[in-house]
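*Asks:* Heads up, here are the entries from TrEMBL:
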DOMAIN    44-153  domain 'WSC'
DOMAIN    169-265  domain 'WSC'
SIGNAL    1-17  signal peptide
Amino acid sequence: MKPFAWMVAGLAAKSLAFKAELVAQLKDIQDLAPRAEEAIDIAGWRDLGCWTDDANNLTLGDLTAGGYVVQRGAFVQFYDNSPTPNSPDVCQTYCQNNGYSYAGVEYGFNCLCSSRAPDQLRSGATGCSSPCPSPNNNQLCGGANRIQIFTNDKPYPYSQPKTSGLQTNWSYQGCYTTSGSGRVLVADSSNLQTSGNGATQCIDYCSGKGYSFAGTGNGYECWCDNSIQNGNTLDATPNQCVQPCAQNTGEGCGSPQRQAVYARQTKRYCGGG
Ligand SMILES: *[C@@H]1O[C@H](CO)[C@@H](O)[C@H](O)[C@H]1NC(C)=O
Ligand SMILES: *[C@@H]1O[C@H](CO)[C@@H](O)[C@H](O)[C@H]1NC(C)=O
């Protein structure tokens, strides 16, 4: 199951008819959610107040973009009578256990997490007055299109592209975006998902085929070429090539519409040792 499609559908689903269906779908994720007795220390979360939200353009988490180009996000629902009914504490614990630095409660039972700060334009709202689900209904959990947001002030848990310990004469060139008319590197590609991907494997692959540029993308792709193609440029926004590599999640392998680009050094150094 693609993880994000149902989450967006779930957010739009306001009716009780959808609720039973979602509960079944969400059982897997709730099994992953921390139980109260496993709750880690959630001290240190700050309340950032009430913000507006939009199901088609979420304040926390960009789910429609696959969760990586703009930011990483997660959306879970904790109903009454579930093992962990929603509350600010439950949501903060869930988000923190999953590596996020922002948590938001909305519409009572919705909990959203993000790795990036929300847009300030949406802050300072009123209307975060929905009770959390029973038995936490003595607390407030946002409202309809209103999200109460908290942060633990932790750095983003992004996976960054590998920049050191690369093959001899290869170096990281930066995160290129498809701002031009097509892909960044196009001449050859190999989906290395099954054999593990990362800068090392992609450089080996491209180098072995005689190319001087190698780029990882979309978490599992490897592209080769001899120069940057289609007029593409470096992405000026930080943290855009941070989608974890498919089988090496500690390393970033680009993202959709982005390639983490490596090149073989061709400059000759004269007069040196
Ligand atoms: C999403 O909302 C932000 C403001 O928070 C706005 O700048 C952006 O243009 C919106 N994106 C879309 C696709 O509507
Ligand atoms: C690295 O580049 C230098 C200079 O072009 C070359 O002499 C050397 O063989 C290269 N090493 C490798 C492992 O490609």
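Even glycines carry a Cβ here, placed using N, Cα and C.
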*Asks:* With helix taken as DSSP H, G or I, strand as E or B and everything else coil, how many residues of the domain 'WSC' (44-153) land in each class?
*Replies:* 13 helix, 31 strand, 66 coil
*Asks:* Treating G and I as helix alongside H, and B as strand alongside E, what does DSSP give for the domain 'WSC' (169-265) in helix, strand and coil?
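*Replies:* Helix, strand, coil within the domain 'WSC' (169-265): 13 helix, 41 strand, 43 coil.
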